[in-house]
Each structure stands twice: as C-alpha cells, then as structure tokens.
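Colleague: Taken from Swiss-Prot, the feature region 'Disordered' applies to 1-55, 72-123, 134-153, 365-395, 411-430. The phosphoserine annotation in Swiss-Prot covers Ser14, Ser28, Ser99, Ser288 and is backed by a large-scale study or a structure entry. According to Swiss-Prot, the feature compositional bias 'Basic and acidic residues' maps to 23-34, 113-123. According to Swiss-Prot, the N6-acetyllysine annotation covers Lys151, on the basis of similarity to another entry. Sequence annotations record features per position, and here Swiss-Prot assigns domain 'RRM 1' to 185-280 based on sequence analysis. Summarising the annotation, Swiss-Prot assigns SUMO2 cross-link to Lys242 and lists a large-scale study or a structure entry as the type of evidence. Residues or ranges marked as domain 'RRM 2' in Swiss-Prot (evidence: sequence analysis): 287-364.
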Amino acid sequence: MALEGMSKRKRKRSVQEGENPDDGVRGSPPEDYRLGQVASSLFRGEHHSRGGTGRLASLFSSLEPQIQPVYVPVPKQTIKKTKRNEEEESTSQIERPLSQEPAKKVKAKKKHTNAEKKLADRESALASADLEEEIHQKQGQKRKNSQPGVKVADRKILDDTEDTVVSQRKKIQINQEEERLKNERTVFVGNLPVTCNKKKLKSFFKEYGQIESVRFRSLIPAEGTLSKKLAAIKRKIHPDQKNINAYVVFKEESAATQALKRNGAQIADGFRIRVDLASETSSRDKRSVFVGNLPYKVEESAIEKHFLDCGSIMAVRIVRDKMTGIGKGFGYVLFENTDSVHLALKLNNSELMGRKLRVMRSVNKEKFKQQNSNPRLKNVSKPKQGLNFTSKTAEGHPKSLFIGEKAVLLKTKKKGQKKSGRPKKQRKQK
C-alpha cells in the first residue's frame, strides 16, 4: 500500500510537469533551473505558447488580438473643420469622391451652431458694405488718376467722365458764341397785335434783307393744358391779351441794322411797334425811364399819351405776368433823346387812372448790384453831412476843424479844475 501511494504521487508530479513544463518557478525550486529553459520558451510554437499557463510563458508570450481595434479620428480635426470658411469647405467637397459627398454634407450641416451662423452672416454683411464703399470711392475719385492705387479700369472710367465734361463745356461755349453772333442779326419787335402772323411780319421787313426765321413770344394760351408753342401754332390765345412780341432773325447783320428804321411805325390801328436790336442794351438805359405804381390793366397807348409832352417816344414796355398776361404794375418808356428823360422825371407823383406814378431813371441791374456790393461807391456818392467847412462862428471867423486843438481844449479844462484849488490856499494864507 505504501508503495502504491508513492507511485501515485510520482505519477501526479509527472503529470503536473507535463502540463507545465515551462514553469520553472512554480513546479521546481530555483536550484533545478536548467540552461536554455528561457530560450526554449521564447522560440516555441504557437500551440505550446497558447497552451502554457505559467508566469514565465505569460510574460514572454505575444498573443494576437482576436478583435481589431476601431480607429477614431482625432478631435482636433473636427475643430478645424468647424473653423474653416465656407469657401474652403466648398473646395474640399468638390475634391472628395461623389460617393462620400452626401454623408459628409449632412455632418457639416449638423455641426454648424447658431453662433457660427451669426458669424457667417456678419462676415457677408461686412463684405457687402466694403463693396458699397469701393463703389462710392470710385465715383468720388475723379481727380486722383495719378495715384498708384487706382486701377487701370477705374482710370479709364474717370478719363471718360472728364472727357464728357470737357466736351459739354466746349459745346456750351460754342453755343454761346453762336447765340451772340445770332443776336447781332436778330431784331426785337414789340407791341404787335394778336392777329399778326409770320407772313405779315415777313412782308413788313422783307425790303431790308432776307429773313431766316420768325419767333413769336409772350403768348398766353387760352387753355391751361396747352403749351405756348401749340398756342402760337393753333392761335389759341387768351381773349384778354391784346399784344404780343416777336424776334426776327436776318441772314446778314447789315439787314438787321437797317430794319431799325421801322421803329415807331404803325403796323395796325393803335399799335405802334418798337424795333430794337436784341444785343443792344447799354444805350437803352440812358434814354429810358422806369415807371412804377401803374394800374394792372393799363395799356401801352395810355402810358404813351401820358409822356407825349416830354418828347418823341420810341417804345413803351409793360412788364406782364408770363402765365396770366396781366401787368405787374411797372414798365419802361424809351425816348429818342436823353433830354426827354429830364422832362419825364418831373412827372413823378403825377396821376394816371387814379394812381400816382413813380418815375425814376432806368438803371442797369448789374451796375446797381455792384454799387450795393461795394460800400466805397456808396460813400463816394453820398458825402458826409457832419463836416461843414464853410460854417462860421458868431464873430465871423471860420471854425478850426483841427482835431488836436479840440483835444487841447479838453485838457485845459482839466487843468482849470486843478487851478480852482489854488485860490483857496491863497485865502487861507491871507
């Protein structure tokens, strides 16, 4: 029995050694270590390494993982994607394959927050504001073509605008010169009857030269909807209007000067026309008189009769409203000579149709404005009233206007006040 027990123990030990042959630490003490035991455990087959359960085998065994690890993207990349601009995202989406586009677009939309949307809106608003400012600067920089920052296209636009402005100025200057030359060939004809037309007027002036054109002015249409041009063509004139004016343009300047002979002639009963050059204004001021406080319904014939005694009258003009044709209450009388003007000034405060007239010399508006603007001219025309050089004293001697003497007199008065204290001292001494 004892032998059988010993054999059983030996068998158990051998079985344990067969199950764990590599485990030199557990099964055998450190004195039983054999050379090459570690190397043999390292270079053994897979089935031996998997089957071993000892400590040494577990340390040096390299077991392959049965499940492969799942690779998760780094969180930094997601942060960069959120901070990218819309343009970079669009370019990256174009480069990606078509199969991956829809899934990633959905992710990008989900990742955008409200704050990011607000930032994008602000950036777009700032970009639009910058564009508007650039447009305004381009319009305002007409004189800054020489700057290096200006683009070539902008310079071309500015040059074109300057060229148009210069061309318009040249056209205006040319038109002014043409009008000036045309005015020298033009004759003003006033106080024409309403029934007068172009044929009658041309036949009246045809003996002096060829007529280029005839224009009627100071027409008042019968209806408010009609223009003056249509009223002149259709002859639909206001019934209260009795006279009109016209301009006759000759082809030669000599013909216009000869046509002045018709000034004062009667073209119809009660209508004495006045003829004058359109360019002549200076000589008219010296021979004309301003008449104010006129009745509103007065006619030229009544004013002419009132000033007949002063001399031969060349023309009478009443200033009327352009829309209604009613007189504004003042007018002008043009005489043949300047001597008649002195006689007409004596008719100041004379009555006409129950109104006292105000008669004055006719003054050029430009000269009158210059006198008002220059105070020196006013002082020259009006001498000071305070200085009378011919005034005399009661003794008959002229007064001395030397300012220094007056100042000395004032000083002597002050000295006299001081002297007034001296006799008091003398009285005390006495």
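The backbone N, Cα and C atoms fix where each Cβ goes, and this holds for glycine too.
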Colleague: If you count Cβ atoms within 10 Å of each one, which of the recorded positions Lys242, Ser288 comes out on top?
Modeller: Ser288
Colleague: Rounded to a whole angstrom, what is the C-alpha distance between Ser288 (phosphoserine) and Lys242 (SUMO2 cross-link)?
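Modeller: Cα-Cα distance, Ser288 (phosphoserine) to Lys242 (SUMO2 cross-link): 24 Å.
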Colleague: Could you give me three numbers for the domain 'RRM 2' (287-364), the DSSP helix, strand and coil residue counts?
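Modeller: With helix first, then strand, then coil, the domain 'RRM 2' (287-364) has 17 helix, 30 strand, 31 coil.
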Colleague: What is the pLDDT of the domain 'RRM 2' (287-364) when averaged and given as a whole number?
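Modeller: Averaged over the domain 'RRM 2' (287-364), per-residue pLDDT gives 88.
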Colleague: According to DSSP, folded down to helix, strand and coil, what is Lys242 (SUMO2 cross-link)?
Modeller: coil
